[in-house]
Amino acid sequence: MPTARCSMRASSTAPVRMMATAGGARIGAILRVTSGNFLEQFDFFLFGFYATYIAHTFFPASSEFASLMMTFAVFGAGFLMRPIGAIVLGAYIDKVGRRKGLIVTLSIMATGTFLIVLIPSYQTIGLWAPLLVLIGRLLQGFSAGAELGGVSVYLAEIATPGRKGFYTSWQSGSQQVAIMVAAAMGFALNAVLEPSAISDWGWRIPFLFGVLIVPFIFILRRKLEETQEFTARRHHLAMRQVFATLLANWQVVIAGMMMVAMTTTAFYLITVYAPTFGKKVLMLSASDSLLVTLLVAISNFFWLPVGGALSDRFGRRSVLIAMTLLALATAWPALTMLANAPSFLMMLSVLLWLSFIYGMYNGAMIPALTEIMPAEVRVAGFSLAYSLATAVFGGFTPVISTALIEYTGDKASPGYWMSFAAICGLLATCYLYRRSAVALQTAR
């Protein structure tokens, strides 16, 4: 009898151990696959926050406005490479697998990070300085074009049934962790270094940290396992067939791009551009602007999985439409309140509200985008739609916001840009879910 009881006890605990092991394996996979996403966003946020110092170092001009515009133009140029990277690297990932492809994107991304740390100033090497910065941004844009799509699809393919929204939200969640780390480092530098030291060389320290963690991220990525869904698929399209399938489904790609427009505009407005907006437009201290950005990233980190989980429960369409309508109704009025009464608390309140809208919308949008693409070109299709939106909307949000304020005199005018992106997202959502019964086409 004791033996029988022990046997029954062992058999009853075996499923629990298996579930715990499977859960631990999925958590490990999430950490490994999102590590590269962390590096990408860490670097992009730093470039946005230290834009004034980068402008001074690499893009000297007759006026601060012109210098800053050139810096943000180079920042945006990297996004123009994203659609090319999405097609080329996205097709490669769809052909050879998620694991191999994501190691390649990380390698290219790391090269761009190394460049920004090592390039001497304009006064030292002249025109080579801005040219090399541009090359670094183009390389990072090329790799980022497929990095985000590859990570999102990987998470969608390892998700447990009915929890795809929750799982894919951690792609964007890793970006928020990157912003938290970058903002915390910037806050610490402001506390220990004089402004002149930060302007001369101190701004490079966070970028150096990014370089130092690259080997550890490579180790994590190499331990990734291929998804069962990709392995089980018997037919993998050749590169030419991937391009043909994307062309056959161009309407889905364009509608997907418009759906992403809302999320990428909101994200770059409240994170990448916000520190510069706080310092240069609202005249808040650099430390206050950084602290607001840090708290906004924490807010994003909370709302992203909530949005994903709610979309699992109530459907993607409901969450997407609700958030686009909220953005359309409140983006400009909220920024007008901030412009009329600029303070740390007001900036924090307004950006936390926009963070709620962004987090809820993006939590539903990422799984929706993985679901509307044909399985054979899921990474390439997702990446192309996302990259086009980032190139047209998100990447140029800082420069468009700067130009709108300069030429209209309205400090709240970035709200017009976000409202326009919300209209795009609303129309795309209605279109995609109205045509959900239409068969997607695969080129054979």
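The backbone N, Cα and C atoms fix where each Cβ goes, and this holds for glycine too.
Membrane sidedness, as given by the topological domains in Swiss-Prot, differs between Leu68 and Asp312. Counting C-beta pairs under 8 angstroms (sequence separation of 6 or more), the transmembrane segment (252-272) fails to reach the transmembrane segment (200-220), with fewer than 3 such pairs.
Segment contact holds for the transmembrane segment (42-62) and the transmembrane segment (178-198), given three or more CB pairs below 8 angstroms at sequence separation of 6 or more. For the transmembrane segment (380-400), the neighbouring stretch richest in Cβ pairs under 8 Å, chosen from 73-93, 115-135, 138-158, 341-361, 412-432, is 73-93. In the topological domain 'Cytoplasmic' (159-177), helix, strand and coil residues by DSSP number 14 helix, 0 strand, 5 coil. A Cβ distance under 8 Å defines the sequence-distant neighbours of the topological domain 'Periplasmic' (273-289), meaning residues of its chain 6+ beyond its ends; these are 48-49, 51-52, 68, 186-187, 190-191, 296, 338-339, 342-344, 347, 351, 397-398, 401-402, 405, 411, 414. Secondary structure counts, DSSP: the topological domain 'Cytoplasmic' (221-251) has 19 helix, 0 strand, 12 coil. Counting Cβ pairs closer than 8 Å to the transmembrane segment (138-158), the top stretch among 73-93, 200-220, 290-310, 319-339, 341-361 is 73-93.
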